[in-house]
């Protein structure tokens, strides 16, 4: 599932512009970095304190807390297919022709809200800091999940699980991306890989745990057990001890809240490459979440209720973790925006694998499909942040990722209900999975335009720079000629 786009350490406690007095990062010759932290209200001539990332220590505990956050938030979301089956049995009616359509809205609304809240969460992180935002978000998620365990119909679940629980998860998740930059610089890539692997570990194990709990204690008590994960997540948020000073966001009026110009950075939208990326990614995701919601029910209908359907989610989780490590490393060797081609390949494979699901009449074939789907899902996820860096630069990357996640919320939300509606009307999931494979292929084709657009932009900038240099040279020549003429006239007047 989509997660793990860690922000740069320059954006540690906020994504706004760095005002005077905030830490300034300097690059050393060996590629390491240090942050110079001037003391507040220091007298003139006072020596500045150099901040060096600890590269460990308390940071390892912060890394484990962030890993738990990734795992618990997206592990529950990715395992919704198991809860989906239980919801159908618990709240379903044989007379309801739109049962799957209505039930799918619970999971897809939850996933969509996590991404929809991303731009808002970044503002709260700027104002309140990582620790307060993360702990408060986990507490809200705990309340939403606990309330979901007491409902007796689908309607309230849309609010308790789809909105309250999901918003809490969003507020708990995003600070975990930011805080790592306080503790790591040289090892940040390794730490990112470990943290994002948390969701893979939970995706592998949670389906089996949920299946056992649902059989033994039922749906309501299973949700109460899941509340333990959120409680631990709330405790994990207390480890987010900031090392860098909180950036000053007070305005000249004394208000605690930053001006709108600092909240919404319009510079990112000036890049045509980013605009194409921000359109192509959401366009590709209309069918992305469909297998996570409906694959379990499809397996039951085709292979019977005794089929080991949890194995499929386990396969996706394992290869997704492997894909993040392999393609994350491979992306380091791909220059510039050409990294987009890795994402294009991922979408093509994911789309084709979605179309292959109805064609698999042997369970082993479905396992092979899920292994490939998970591998390239990991590829798609791990290179989102590097591509954002290439398109908008270091200073604007945080908001670029935040807005992209917000735009992704729409397709992530509406895709599964549409698939459920098609199943209710047509009697099988075949057409739904065929159609789910089309958006990734179309979106991938759109992304192919980005390298061409960026190459054209760079040629234009190079030509403009060359023309400007020629103009400056011409003006210098004219200026020197004018000086020579003036000197010659002065000599003639003297004679």
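Cβ coordinates are placed from backbone N, Cα and C, and glycine is handled just like the others.
A TrEMBL annotation is a machine prediction, not a hand-curated record.
Segment annotation: TrEMBL labels transmembrane segment over residues 401-419 (candidates 401-419, 458-476, 477-495). Which of 1-47, 48-94 counts as region 'Disordered' depends on TrEMBL, and there it is 1-47.
Long-range contacts of the transmembrane segment (105-125) within the same chain, counting only residues at least 6 positions beyond its ends with a Cβ under 8 Å from a Cβ of the stretch, are 1-2, 13-15, 73, 77, 80, 83-84, 87, 133, 137, 154, 157-158, 161-163, 165-167, 169-171, 173-175, 178, 258, 263, 289, 292-293, 398-399, 401-403, 405-406, 408-410, 412-417. Of the recorded ranges 158-181, 222-240, 272-291, 401-419, 431-453, the transmembrane segment (340-359) has the largest number of C-beta contacts under 8 angstroms with 431-453. Beyond the ends of the region 'Disordered' (463-495), by six or more residues, the same chain brings no residue to a C-beta distance below 8 angstroms of the stretch. Tertiary proximity for the transmembrane segment (401-419) is limited to same-chain residues at least six positions away from its ends with a CB under 8 Å from its CB atoms, namely 2, 5, 7, 15, 101-102, 104-105, 107-109, 111-119, 121-122, 268, 277-278, 281-290, 292-294, 384-385, 388, 429, 432-433, 435-436, 439. Spatially, the transmembrane segment (272-291) is not adjacent to the transmembrane segment (60-85); fewer than three Cβ-Cβ distances between them are under 8 Å for residues at least 6 apart in sequence.
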